[in-house]
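**Q** Sending over a structure as structure tokens; questions will come in a sec.
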Amino acid sequence: MGKNVVVLGTQWGDEGKGKIVDLLTEQAKYVVRYQGGHNAGHTLVIDGDKTVLHLIPSGILRDNVKCIIGNGVVLAPDALMTEINMLKERGVPVEERLLISEACPLILPFHCALDMAREKARGNKAIGTTGRGIGPAYEDKVSRRGLRVGDLFNAELFAEKLKEVMAYHNFMLTEYYKCEAVDYEETLKDALAIADYLKSMCTDVSELLDQARKAGEPILFEGAQGTLLDIDHGTYPFVTSSNTTAGGVATGSGFGPRHLDYVLGIMKAYTTRVGAGPFPTELENEIGDYLGTKGHEFGATTGRKRRPGWLDIVAMKRAVQINSVSGFCLTKLDVLDGLEEVKICVGYQYPDGTVATTTPLAAEGYEQVTPVLETMPGWSETTFGATSVEQLPQAAMNYIKRLEELLETPIDIISTGPDRNETMILVNPFS
């Protein structure tokens, strides 16, 4: 029987999920996105050729894989078409490989306008959203006024629903935010123009996945962003608008949670965060600059500079707990090469001197703490491109072993470079 594997980020995103998903899809029949939207950026490097995907699952480059966008994903038709056209120019037969849930909420131009207007109005209290309409689209879903992909297939009813929701949002844009209204006729025309094309790729995702499971076909679920950005369990309100944790698989795809076999947590050997929000181990010094430069820490979606810091075990333990992590994939180990010492956060100290080994439940709590750091010897030798544990310096092996001890969870995969070949699979999640 095939296994059903979840791959998700355990930090604030940008952990290197795209490469690992691409590597593991060699063994999968289906790759499923279950949350987020085109705010995610997954970078794949294959034989030196870089491809950045935002919406379509990372398995799209493999001819043995069907890629699925589940109902938990908010879908921007224009962004989807841009990505499809980019892939088709590279010779990828997207229509043969991509399937979409009719229940995906649509991101339309007024969602993006609202997103940008709100961020501007927040001033120095801005959350740091990508401005791509993700949050407003999820809001419409929860308030039950949102339009879904399936609504496009009845033009008359879609036009009626669109008029109603745009009247509501344009009122907010013009009267509250003092911005221009979004044009209804243009929005309607653009949306309906690709209705038939989208319909050709739509399917009942829950039924398809259940039939695949019963047939013993391996399924890989691809998470976007990271655990600490989860709407419920992250550093609220500096979070995304979806459930980035393993629980989101069931709600975002219609796949039964009892049928998940393995949860692979992707963990960078240090930590980064992009945008605003608390970050206890942030390094605003020359070491932070070193990690940011060597790690090429710029967002794949926005191009924004990421904020680097030491690995935070307190936050990682919460990720293990929430996601039932079976094993970790450690990425960007090579970025630590050349440091005389490396540090790990093992506790949070509060102003009254108490030390906690569990995370707070909101941003305000994180802002009170200072990290309790454990120092380990660094290594001068390179780990870049290593393909076996025996090739690693002893100090790097000691670092990995210490992480496993602290997290009480094995590191089953080690990544030592951006290419899919620069990876050590110690335990195969699909085996």
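Including glycine, each Cβ sits where the backbone N, Cα and C put it.
Owing to the predicted nature of the structure, the values given are computational and were not obtained by experimental measurement.
From Swiss-Prot, here are the annotated features:
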BINDING   13-19, 41-43, Arg306, 332-334, 415-417  GTP binding site
BINDING   Asp14, Gly41  Mg(2+) binding site
BINDING   Asp14, Glu15, Gly16, Lys17, Asn39, Ala40, Gly41, His42, Thr130, Arg144, Gln225, Thr240, Arg304  IMP binding site
ACT_SITE  Asp14  active site, proton acceptor
ACT_SITE  His42  active site, proton donor
BINDING   Ala300, Thr301, Thr302, Gly303, Arg304, Lys305, Arg306  substrate binding site
**Q** Could you check which of the binding-site residues (Asp14, Gln225, Gly303, Arg304) sits closest to Thr43 (GTP binding site), going Cα to Cα?
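**A** Checking each of Asp14, Gln225, Gly303, Arg304 against Thr43 (GTP binding site), the shortest Cα distance is to Asp14.
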**Q** Need this for a regression test: binding-site residues Asn39, Gly303, Arg304, Lys305, Leu333, Thr416, filtered to those with Cα within 10 Å of Asp14 (Mg(2+) binding site). What's left?
**A** none
**Q** Helix, strand or coil for Gly303 (substrate binding site)? Use DSSP.
**A** coil
**Q** Using Cβ atoms only, which residues of the same chain lie under 8 Å from Gly16 (GTP binding site) while being at least 6 residues apart in sequence?
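**A** When sequence neighbours closer than 6 are ignored, Gly16 (GTP binding site) has Ile266, Lys268, Cys329, Thr331, Lys332, Ser415 within Cβ distance under 8 Å.
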**Q** CA-CA, which of the recorded positions Lys19, Gly41, His42, Thr416 lies nearest Arg304 (IMP binding site)?
**A** Gly41
**Q** Using only C-alpha positions, which one of Gly41, Gln225, Lys305 is spatially nearest Gly13 (GTP binding site)? These are the binding-site residues in the record.
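**A** Nearest listed residue in space: Gln225.
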**Q** For Arg306 (substrate binding site), what is the tally of other C-beta atoms lying within 10 angstroms of its C-beta?
**A** 20
**Q** Of all the recorded positions given, namely Gly41, His42, Thr130, Gly303, Lys305, which is spatially nearest to Thr416 (GTP binding site) at the Cα level?
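**A** So, of the listed recorded positions, the one sitting closest to Thr416 (GTP binding site) is His42.
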**Q** Far apart in sequence but close in space: which same-chain residues, 6 or more away, have a Cβ under 8 Å from Lys19 (GTP binding site)?
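**A** Those within reach of Lys19 (GTP binding site), by Cβ under 8 Å and sequence separation of 6 or more, are Thr43, Leu44, Val45, Thr331, Ser415, Pro418, Asp419, Arg420, Thr423.
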**Q** Do you know offhand how many angstrom separate His42 (active site, proton donor) and Gln225 (IMP binding site) by C-alpha?
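**A** Cα-Cα, rounded: 9 Å.
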**Q** Rounded to an integer, what is the Cα-Cα distance in Å between Thr130 (IMP binding site) and Gly303 (substrate binding site)?
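**A** That comes out at 10 Å between the alpha carbons.
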**Q** Run through the Cβ atoms and count how many others sit within 10 Å of the one on His42 (active site, proton donor).
**A** 25
**Q** Select the most exposed residue of Gly13, Gly41, Gly303, where exposure means the fewest other Cβ atoms within 10 Å, treating these as the binding-site residues.
**A** Gly303
